[in-house]
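Student: As listed in TrEMBL for this protein:
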- A:3-161: domain 'AAA' (DOMAIN)
- A:Lys11, A:Gly12, A:Gly13, A:Val14, A:Gly15, A:Lys16, A:Thr17, A:Thr18: ATP binding site (BINDING)
Amino acid sequence: MAQVVVITSGKGGVGKTTSSAAIATGLAQRGKKTVVIDFDVGLRNLDLIMGVERRVVFDIVNVIQGEAKLNQALIRDKRVENLAILPASQTRDKDALTKEGVQIIIEELSKEYDYVICDSPAGIEKGALLALYFADQAIVVTNPEVSSVRDSDRILGVLQSKSKRAEEKREPVKEHLLVTRYDPARVERGEMLKLEDIQEILAIPLLGVVPESESVLRASNTGTPVILDAESPAGLAYGDAVARFLGEERPHRFLEVEKKGLFKRLFGGRAA
Amino acid sequence: MSAEPQPRAEPFRLRGANFNLLVLRLLDARIDAVVPALGDQFKRAPGFLRFAPVVIGLGDLAVPPAEMDFVALVRELKALEIVAIGTTGGTPELRQAAIAAGLPPLRQSGGDEAAPSSAPAAPATAPVNPPPAPLAPSGLRPTMIVDQPVRAGQRVWAQGADMIVTSTVNAGAEVIADGNIHVYGALRGRAIAGGADNLGARIFAQNFDPELVSIAGFYAVREGLGKAPIGRATQVRLAGESLRFDPFGA
């Protein structure tokens, strides 16, 4: 049986899709058979970030409505083995998703894959609720910003009351905190929330901290999950997070301001 | 040094005490009609009434005892985390059937549904007051204890009781109690104590940083808390018609 993992946040624009792409790719790199589903029907993005947008034929709505077989809609990644993407529909709205339809898809995928990653849309409406409903684990993506933390708090409450596990009174969904766009310099200047403050409010185990990095934007524009960029701090941080997710112990890094060497200071080099 | 355990003069004491209890007045003898409806109601207020003792009101039932399965009722209520502790009112036959199922008849003090004097008084159960319509500041039900953080968008209500939150109340969350509210973590959301008329209720927070506090309808929003000891261990009480904020502890 696969583990169903929802990547969620409540708030939009915090890095759910970037994180979904990176974590799914990271799990596949480590030999886990992984499929990542885009639940953002109407605003599909995952295929862009994964660089497969030109290969989309069918999508999740086609599968739910019986217009295509699941295997026809799955896109296999060309860079990493063991990785597949189930894209969202661009032309339908979220009402096209049904609980029964999603359940059939997840059950089917569970037979073949080790991890089913659900990339949730923002908000707490139908699409987001369906993305988290079947989850065994949740990765809550949060920016060091008050409104993002508040929305993550809200989504944690929803996980505890509206997920299938909660409804069936089974063991609760396992929660992980992933802080993204963390900028130690701005934290030091008091412009961003400190990691400890976020942890204190949300009170769930920390999976990782991904530093603000130019490489993330570059990666999404070129359709390469940032975890494949072994040079970038963000890619390394996602690598650490995946390792921790699989039970490895890794120290947290990128939490302090990087001391610029004399050379960098003279020539104004910027961290990539 | 070995000290002989001091034998106590008496092994127990028997005292009368008054309790406020909820009465579940059955209007329908069919358990498969009552329990799902009850379950629906509690689904809307999860945590509310968890393991609360209730008395089954039989006064509105006009059925022969054979049609009322008390054993099944107790079992189904327990599944909803509601504990039936006795009955009130009803025909003597119904009461006898309830006794057989382990539900003793309770006497309502001053109520009109008094059990007949011949009914055996249950020694372990205290007399029952009428159900609390407006809650008297005395007679509170058992304290509700919340061990999870109360998160944005969540609302927890301790009806007719005190509330203790061992974790935090986050911004955007709301805790409501008809009695006092204690928050052993940070209080960052709203805390509403004292119901409608319990002027003596207080709010205690280890780290006081609320969006709004209210006691018995007198409230203050954060903007009005300029002089309150924000971030410290604080208790809030009503002094006349205004809220008073005092640091407590060291």
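Please read every residue number as a count from 1 along the shown chain.
Quick reminder: no glycine exception, Cβ is built from N, Cα and C everywhere.
Bear in mind that TrEMBL entries carry predicted annotations, made automatically and left uncurated.
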Student: Under a criterion of Cβ-Cβ distance under 8 Å and sequence separation of at least 6, what residues of the same chain contact A:Lys11 (ATP binding site)?
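Tutor: Once residues fewer than 6 apart are set aside, A:Lys11 (ATP binding site) is near A:Ala122, A:Asn143, A:Ser147, A:Ser148, A:Asp151, A:Ser152.
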Student: Excluding near sequence neighbours, so keeping only residues 6 or more apart in the same chain, what lies with its CB under 8 A of A:Gly13 (ATP binding site)?
Tutor: A:Ala122
Student: Determine the mean pLDDT over the domain 'AAA' (A:3-161), rounding to the nearest whole number.
Tutor: 94
Student: According to DSSP, does A:Val14 (ATP binding site) sit in a helix, a strand, or coil?
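Tutor: Where A:Val14 (ATP binding site) sits, the three-state DSSP reduction gives coil.
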Student: Among A:Gly12, A:Gly15, all listed as binding-site residues, which has the most CB atoms within 10 Å of its CB?
Tutor: A:Gly15
